[in-house]
Amino acid sequence: MEITNVMEYQAIAKQKLPKMAYDYYASGAEDEWTLQENREAFSRILFRPRILIDVSKIDITTTVLGFKISMPIMVAPTAFQKMAHPEGENATARAASAAGTIMTLSSWATSSVEEVASNGPGIRFFQLYVYKDRKVVEQLVRRAERAGFKAIALTVDTPRLGRREADIKNRFVLPPHLTLKNFEGLDLGKMDQAADSGLASYVAGQIDRTLSWKDVKWLQSITTMPILVKGVITAEDSRMAVENGAAGIIVSNHGARQLDYVPATISALEEVVTAARGQIPVFLDGGVRRGTDVFKALALGAAGVFVGRPVVFSLAAEGEAGVRNVLRMMREEFELTMALSGCTCLADITRRHIITEADKLAVMPSRL
């Protein structure tokens with residue numbers, strides 16, 4: 001069967017992967033309300049396309065932190081990619097590079113920063129979890145910088161791991177042949193079997209719950225790489241990120257895997273963008289599955305989007321070719337959405353190209 005959209009890879013991944021692995025990638029926190037909402041919120045945003053505009057040439061290139069990329073669609077950090085496919089993060093790195101876009105490598109990758117960097121040219125960011133042992137963090141940041149990574153995506157929504165019930169039921173643990181490659185030499189590469197989720201226990205033992213804005217300042221003092229704050233979903237924290245010198249914000253609810261009943265990222269995006277006042281770029285991840293989703297995010301002020309689960313599911317299904325295909329389909333759908341909306345470059349996409357639920361409520365009184 002020919003694959004015609006990004007969502008179709010999920011069913012294939014479910015067939016191919018062991019239950020523990022699939023459930024780890026697919027699940028969200030607790031009731032999984034936000035998991036569903038991350039998708040459904042996109043479907044409540046409608047288009048206001050403009051017609052009779054010459055759309056024979058469409059340019060979707062953009063720059064992110066000064067780096068020119070082919071499209072505003074990038075690869076989000078996802079952990080344990082060799083659990084999906086033997087080539088893991090290396091396959092993803094090659095696919096992102098071939099697509100001319102940015103890959104973000106997870107701290108909890110099953111391939112090291114050096115290994116991923118050896119996959120040839122490409123702009124790569126590094127997602128960082130802050131460990132209790134700051135020497136470990138410092139070492140990791142230095143290694144990423146040395147390996148040519150261009151930015152840090154600092155995850156700020158995980159002082160503790162969210163309650164993912166599938167992982168608890170499955171007693172999730174990293175398969176024995178895999179390790180957290182970036183921590184291998186530090187005796188932090190192995191995850192022990194636990195009475196609940198092995199990952200939850202690992203996080204409880206290693207990740208720093210005291211993390212605060214002063215640590216963002218500390219991070220800036222140890223690296224020249226720009227820092228993106230990943231996990232902002234309110235205007236208040238958007239302002240704080242700007243005030244604390246973040247280079248950008250990623251509006252993210254961690255793929256709905258942390259606190260359930262937070263809004264979908266696409267619903268939180270506009271307040272974060274408004275509060276940032278154009279001082280720093282705002283990106284989005286969570287629930288992006290279609291080119292139409294990308295357009296909606298950009299119309300609401302995002303500078304670009306990151307895609308997570310589709311990368312892992314396509315990797316499980318077809319390796320590097322699968323990830324390439326996901327990036328290609330999303331690119332083509334996005335270009336088509338632009339053409340049909342009457343936009344020839346990203347700057348043409350405006351807030352007037354969409355209508356949200358809030359907009360509908362706002363215009364009601366005048367129609368009474």
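Including glycine, each Cβ sits where the backbone N, Cα and C put it.
Since we're looking at a predicted model, the values are computed, not measured.
Taken together, the residues of the domain 'FMN hydroxy acid dehydrogenase' (1-359) have an average pLDDT of 95. According to TrEMBL, the domain 'FMN hydroxy acid dehydrogenase' annotation covers 1-359.
Taken from TrEMBL, the feature glyoxylate binding site covers Tyr24, Tyr129, Arg164, His254, Arg257.
Summarising the environment of Lys230 (FMN binding site), the number of other Cβ atoms within 10 Å of its Cβ, over all protein chains shown, is 28. Annotation source TrEMBL lists FMN binding site at 77-79, Ser106, Gln127, Thr155, Lys230, Ser252, 285-289, 308-309.
Shown in sequence order, Thr155, Asp157, Thr158, Gly162, Gly231 are the residues of the chain, 6+ apart in sequence, with a C-beta less than 8 angstroms from the C-beta of His254 (glyoxylate binding site). Residues annotated as active site, proton acceptor in TrEMBL: His254.
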Does anything in the same chain, at least 6 positions from Arg309 (FMN binding site), have a Cβ under 8 Å from its Cβ, and if so what?
Gln10, Tyr25, Ala26, Thr78, Gly255
Alpha-carbon distance [Arg257 (glyoxylate binding site); Gly287 (FMN binding site)] in Å:
12
Write down the Cα-Cα distance for Tyr24 (glyoxylate binding site) and Asp285 (FMN binding site), rounded and given in Å.
18
Tyr129 (glyoxylate binding site) has how many other Cβ neighbours within 10 Å of its own Cβ?
20
Count the other Cβ atoms sitting within 10 Å of the Cβ of Arg164 (glyoxylate binding site), across every protein chain shown.
26
Distance, Gln127 (FMN binding site) to Tyr24 (glyoxylate binding site) (CA atoms, angstrom):
19
List the Cα distance (Å, whole number) between Tyr129 (glyoxylate binding site) and Ala79 (FMN binding site).
12
